[in-house]
Amino acid sequence: MDGAAGPGEGPAHETLQTLSQRLRVQEEEMELVKAALAEALRLLRLHGSTTTLQGSGISAPTRNSSITVPPGLPPTCSPSLVTRGTQTEEELEIVPSSGPPGLSNGPPALQGGSEEPSGTQSEGGCSSSSGAGSPGPPGILRPVQPLQRSDTPRRNSSSSSSPSERPRQKLSRKAASSANLLLRSGSTESRGNKDPLSSPGGPGSRRSNYNLEGISVKMFLRGRPITMYIPSGIRSLEELPSGPPPETLSLDWVYGYRGRDSRSNLFVLRSGEVVYFIACVVVLYRPGGGPGGPGGGGQRHYRGHTDCVRCLAVHPDGVRVASGQTAGVDKDGKPLQPVVHIWDSETLLKLQEIGLGAFERGVGALAFSAADQGAFLCVVDDSNEHMLSVWDCSRGVKLAEIKSTNDSVLAVGFSPRDSSCIVTSGKSHVHFWNWSGGTGAPGNGLLARKQGVFGKYKKPKFIPCFVFLPDGDILTGDSEGNILTWGRSVSDSKTPGRGGAKETYTIVAQAHAHEGSIFALCLRRDGTVLSGGGRDRRLVQWGPGLVALQEAEIPEHFGAVRAIAEGLGSELLVGTTKNALLRGDLAQGFSPVIQGHTDELWGLCTHPSQNRFLTCGHDRQLCLWDGEGHALAWSMDLKETGLCADFHPSGAVVVVGLNTGRWLVLDTETREIVSDVTDGNEQLSVVRYSPDGLYLAIGSHDNMIYIYSVSSCGTKSSRFGRCMGHSSFITHLDWSKDGNFIMSNSGDYEILYWDVAGGCKLLRNRYESRDREWATYTCVLGFHVYGVWPDGSDGTDINSLCRSHNERVVAVADDFCKVHLFQYPCARAKAPSRMYSGHGSHVTSVRFTHDDSYLVSLGGKDASIFQWRVLGAGSSGPAPATPSRTPSLSPASSLDV
């Protein structure tokens with residue numbers, strides 16, 4: 001069984017390993033404390049000698065004089081205590097050099113260990129110290145005043161401390177009493193100098209403040225403080241960039257098609273463009289209509305919706321389009337109501353918004369009337385009663401409404417001969433509605449239902465589709481694979497249309513057409529009918545009397561037929577259940593023009609020298625995409641869920657991390673697996689090659705980073721070591737430019753640094769890493785990017801982050817379906833950004849292509865891939881006017897023409 005523990009690998013063994021590791025860390029801490037105490041005693045003796053000299057009339061060094069730190073003292077003058085890998089503030093206070101009140105970048109000096117006000121925690125969840133005295137020269141130990149009795153009692157007193165914290169408290173007290181140095185300075189005067197924002201907010205807050213001495217910035221996520229040290233080259237935060245970046249994004253291409261779980265999703269417009277939808281975007285694709293796409297095709301996008309589009313209908317004029325969206329919530333948790341947009345496909349301008357506040361959950365099906373040039377629109381929502389309503393298209397006024405059925409409604413349509421006849425079908429039913437209104441007065445229409453009777457024929461579980469024939473009969477396709485012909489009775493056929501008696505339809509013929517359900521029916525211009533099967537994946541053309549004329553089979557890897565649309569001449573467009581859009585005919589077969597994933601996406605990486613990128617996700621497919629040709633280069637079945645990937649700097653191989661702890665190295669040309677390794681049994685969340693290609697880092701949910709040395713352009717690897725110290729699963733990591741160090745984030749908001757070349761050692765003094773340069777910046781926590789976090793963040797609001805290769809902008813993927821663009825570095829709280837909509841689910845990843853010409857973003861549940869063109873300084877083409885920090889795109893600003 002997967003994940004079963006072998007001998008000696010059970011929970012007891014893991015617990016023993018954890019305890020042993022903790023013991024080793026504590027022993028190291030004791031050595032550090034002993035060394036610090038010895039150095040403190042030596043400095044006290046030096047201080048005593050200085051006092052003696054002063055008493056003898058010899059002048060001692062002043063505060064402004066230059067005194068070097070004794071060689072035994074570390075540059076930061078303070079050991080960092082690290083327990084179980086979590087980050088703990090220094091027990092000895094850091095005091096920088098004197099300077100302007102902005103920032104000071106000299107190395108910190110030692111001070112007595114004062115305590116912060118109640119409620120302030122260190123980065124790892126323990127109490128932290130914070131200096132309150134005036135600044136002094138770097139590296140100088142200065143005495144502090146004894147603690148006054150009137151001060152606030154200790155935060156970690158024995159009465160309120162947990163057993164695990166007491167040894168550390170005793171250790172600190174012992175150090176203070178032995179050296180008489182670590183005295184608490186908690187006077188009212190010193191506390192008055194603290195920033196009032198230094199206390200953390202409540203759960204789910206994101207508050208930040210600057211250390212008064214200018215060494216660090218602290219922000220809070222879920223009440224936990226995260227300390228980030230300011231690089232020495234930054235003298236003042238005021239010199240950092242402010243405002244949104246000059247670069248902007250323009251949606252270039254959308255990969256994918258929503259065929260897995262939707263219907264009424266594929267049509268051909270009068271212009272020849274194919275219209276379909278995915279996520280919140282309605283795509284207008286022109287086969288062969290322009291440079292760049294498969295067969296020279298191009299895309300335009302209607303982006304007026306605020307949540308996922310569920311259905312489409314095309315007006316009889318072939319220009320106007322109606323699209324219905326589902327309900328959702330915005331970033332503040334407020335509900336977004338389902339609505340129908342009627343828009344012009346030539347200008348992409350919204351003409352009418354219908355039903356705001358009238359529908360529940362979402363819009364399930366739409367249809368324009370045909371007999372009166374599309375004057376009316378019928379809508380079925382996704383409420384429990386599946387309300388059927390009729391609307392005046394030009395005025396957006398509801399004319400009639402009625403409860404349809406408690407069962408699912410999958411299709412709706414007007415009779416092309418008579419707008420008073422409406423048909424709905426779905427779970428175990430087909431209903432024929434007579435609309436007695438039609439004068440256009442609001443609410444004057446009545447809808448009367450007559451249920452279809454199956455009689456001697458077996459009643460199917462579902463009737464997913466139907467089509468009207470030129471003679472007025474109706475064909476329905478059902479879950480049994482049958483096509484039923486419904487004809488009107490003789491008396492009703494003589495009845496004039498509007499205002500006459502109810503029309504009665506009965507089954508007059510049945511033909512077994514497919515094995516399994518029939519998902520789509522399409523009436524062709526020559527009067528023949530096409531049917532698309534689910535299980536058998538067959539397309540069949542039917543003549544009069546339901547005689548089969550011709551058929552073709554869709555390849556299995558494309559899935560079953562979901563929708564059929566007739567193109568130019570004999571050309572057909574077919575949408576499939578595996579989110580592919582095929583183009584061809586029954587004689588020559590079909591080839592894909594649009595392809596996509598079918599389940600949640602997480603893994604994304606871009607090629608180091610080409611405009612190509614690779615994706616993987618829960619559908620177990622690994623796909624390499626050509627960003628220039630907007631096409632799928634190749635795909636393969638991983639057999640397991642892929643969660644992360646990265647190209648070797650040579651581009652010859654790519655590594656893919658799976659949800660079982662396995663990782664694969666594949667040749668990008670042959671797709672051959674050249675390496676198959678397993679590290680632990682937890683999922684892998686990040687894989688990253690060093691910039692020189694000599695190391696590979698694997699971040700796992702078992703809290704460890706596995707390091708491998710790499711040779712032969714990535715085809716060979718061997719275990720080099722493990723980075724152990726995080727207290728939660730690894731979420732992000734980056735390599736330094738020299739390939740020797742790693743910065744990593746974890747699930748409990750840690751920022752740790754590792755010396756890989758030195759033996760995968762944890763760098764306990766994080767202050768020393770403040771000036772290190774990073775080859776990539778994908779960690780979501782760090783000084784250079786902390787400004788991207790919104791107020792009130794709970795720590796999960798940002799899923800992915802990527803700095804451009806030119807180090808000018810940062811792209812952010814958030815949990816509210818948005819892609820943001822910030823200036824880099826982004827080290828100001830509440831930094832403004834350019835915000836872009838389109839995804840219908842949390843955005844899981846963003847990456848820039850090798851030359852920063854494109855940005856690729858992944859949707860989670862919507863399985864969409866967006867390719868954005870980066871415009872701005874130095875790029876061709878006008879930059880679209882996108883407001884910064886727009887709460888939601890207005891219809892005008894959301895159109896990408």
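Even glycines carry a Cβ here, placed using N, Cα and C.
Keep in mind it's a predicted model, so treat the numbers as computed, not measured.
Record note: among 480-501, 524-545, 788-809, 876-897, 876-897 is the stretch given as region 'Disordered' by Swiss-Prot. The feature coiled coil, as given by Swiss-Prot for the ranges 16-43, 212-239, 548-575, 688-715, sits at 16-43. Per Swiss-Prot, the phosphoserine annotation among the candidates Ser177, Ser250, Ser345, Ser853 falls on Ser177. When DSSP labels each residue, the repeat 'WD 4' (399-435) comes out as 0 helix, 25 strand, 12 coil, counted as helix, strand and coil in that order. In the repeat 'WD 11' (717-756), helix, strand and coil residues by DSSP number 0 helix, 26 strand, 14 coil.
By number of Cβ pairs under 8 Å, the repeat 'WD 5' (449-488) is matched best by 399-435 from the list 351-393, 399-435, 717-756.
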